[in-house]
Amino acid sequence: METATFPDPAYSDPVAEPDPSAEESDPKGPVAAAPPVRPREAFRRFWPWVRQDRLWLPAAILLLLTGAFGEVVSVWLFKDLIDQVLVPHRFSAFWAPAGTMAATAVVSALLIFAGNYTITWVAERFILRLRTSVVAHLHGLPPDTLDRRQRGDVVARLTGDIAAIEQLVATGVVEAGSAVLSLLLFGAAAFYLSWQLALAALAVAPVFWLSGRYFGNRILIREREARRRGGAVTAVLEESLRNAAIAGTCNQERREVAKVHRTGRALLESELSIARYAGLYPPVLNVLEVLGGLTVVGIGAVELDRGVLSLGGLLAFAAFMAQLFEPAQRISELLPVAGAAGAAGERVLELLDTPSPVVERPHAHGTGPVAGRVSCEDVRVGYPGQDGRPVLENLSFDIGPGTILAVMGPSGCGKSTLAKLLVRFLDPDSGTVRLDQHDLRDLKLASLRQAVTLLPQQAPLFHATIRDNIAYGRPSASLDEVVQAAKDADAHEFITALNEGYRTEIGRDGFQLSGGQTQRIAIARAFLRATPVLILDEPTTGLDEQSAANVIAPLRRLMAGRTTILITHDQKLARTADAVLMLGAAGKPGLPGSVQPVS
Ligand SMILES: Nc1ncnc2c1ncn2[C@@H]1O[C@H](COP(=O)(O)OP(=O)(O)OP(=O)(O)O)[C@@H](O)[C@H]1O
């Protein structure tokens with residue numbers, strides 16, 4: 001029998017060829033490129049999240065600039081030091097300019113620190129606000145819309161990409177602003193000292209600009225690809241780790257590792273391609289700087305010879321040139337960062353621009369007291385990308401308050417789709433779904449969901465205590481209420497048998513608990529919500545006979561007196577219903593039969 005060895009030596013070499021048998025059909029990986037957005041447009045879109053702190057941006061620029069001005073003063077004093085102390089050998093005059101230079105350096109350092117801290121403060125607040133807004137938008141989307149994206153890629157967009165954007169709108173603005181103003185400041189000082197030399201130095205400016213454009217465009221294109229591939233790496237990682245158990249049982253560990261390796265290698269190639277441009281740009285600038293500097297020194301030597309310029313003046317000019325190149329260097333370093341920010345911005349805007357298929361109407365109202373009548377009138381619904389073929393068609397039923405309606409039918413006939421319609425994760429293409437007399441589309445979403453509890457097939461649990469998991473449906477519930485709900489759900493006994501009882505922390509998806517126990521926690525949560533309408537989507541699926549039997553008694557108590565849509569394949573459970581709706585009854589999935597009383 002062949003056994004896999006880990007770590008596989010094949011992957012210790014990062015550019016090794018991955019296992020070809022594991023090649024994906026899509027060589028570009030599981031994440032599509034975001035639509036391109038022009039940097040100016042991206043800046044305009046993200047500006048609202050900076051607006052609140054916008055006054056701090058000029059404040060930071062001012063602090064950095066005043067700090068930089070301190071450096072101008074130091075250079076000026078250095079010129080005096082040479083011309084008035086060193087050249088005439090008057091060492092008694094040393095202390096005054098030296099003391100002023102030292103004090104200026106300290107003040108300058110403090111101002112630059114304050115400026116940099118201010119930028120970080122603005123940037124971090126921007127990141128926090130933007131991430132919160134994007135997450136709020138994503139939470140407003142129905143699960144189907146969100147699930148169309150790779151979860152790992154969404155997380156990459158919400159972390160790395162959002163952090164990179166701040167370079168475009170916060171740090172970038174201040175850095176570019178202060179660098180440009182420093183350039184002007186040092187440039188003005190250089191012109192004041194010798195306009196001829198300053199003009200000579202400026203001769204290289206167009207070449208700087210042209211090389212900036214050349215490198216900037218190429219870096220942006222490569223950053224786009226790298227961001228996409230970065231998202232693919234987290235997507236593949238997330239999926240691979242989530243499915244580690246199935247990979248193990250199917251002996252597919254090698255394939256999973258190869259997938260991670262392949263996407264990682266694609267990212268590596270992308271990053272190296274960026275590094276070739278981003279890494280070449282500063283040395284190219286250095287060469288241009290040296291050429292500019294040599295021109296200046298050549299002309300300066302002639303000026304010195306003609307007696308137009310003092311030695312101190314020439315040295316001070318050279319120092320200004322060095323200072324001039326420092327902001328130019330900073331701008332050049334901003335280029336790859338701005339490229340990354342632009343590419344990251346496109347990916348975050350794509351998330352923000354994902355429309356919700358379910359929109360609350362402007363004049364939507366609350367449900368008021370809910371009796372619990374639920375009806376569908378000639379409903380037709382399908383999913384996008386299915387050539388307009390409906391999943392449900394001509395669906396009509398009307399059940400009174402407190403009725404339990406079992407919904408049955410073959411797999412794929414649209415039972416879960418009906419559940420989505422009733423909580424408005426989906427709207428019908430035609431026809432009407434009603435709660436009491438209200439068309440669901442006229443109701444506020446929060447109000448509708450206050451009245452309806454959906455217990456999905458696999459009840460999700462949070463990484464939190466059992467108490468918090470039960471109270472999730474009503475966080476204000478007291479411990480007594482939580483315990484009562486657990487008792488009603490037949491969960492109290494096994495909870496108190498755990499070492500820490502209700503304070504026991506459970507892992508994601510109920511890790512530590514059996515399927516039946518997880519389901520009973522979810523039922524306790526539904527008891528606590530105590531809504532007039534219940535939708536139970538296959539509540540016993542995946543449970544063995546004994547666990548299913550343990551769940552049926554609390555489910556009966558939960559359903560008593562509430563309008564319940566009970567989606568099930570389980571004949572035993574269906575018998576607890578007052579009526580049954582067979583979907584796909586005529587042998588055609590999606591075409592419903594009528595509601596029949598349970599015999
Ligand atoms: N988000 C979606 N996008 C596109 N098609 C979907 C989506 N969800 C479901 N479908 C399709 O709609 C049809 C009905 O799916 P639905 O989940 O409602 O069936 P079901 O009766 O609940 O099936 P099961 O008993 O297997 O859970 C299926 O053909 C399915 O492929």
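Each Cβ is built from the backbone N, Cα and C atoms, and glycine gets one as well.
Here TrEMBL gives region 'Disordered' for one range in the set 1-36, 541-576: that range is 1-36. Within the chain carrying the transmembrane segment (197-215), a Cβ under 8 angstroms from the stretch's Cβ atoms is held by residues 187, 190-191, 277-278, 280-281, 284-285, 288-289, 291-292, 295-296, 299-300, 303, 309, 317, 321, 324, 328, 331-332, 335, all 6 or more beyond its ends. For the domain 'ABC transporter' (374-598), the model gives a mean pLDDT of 84.
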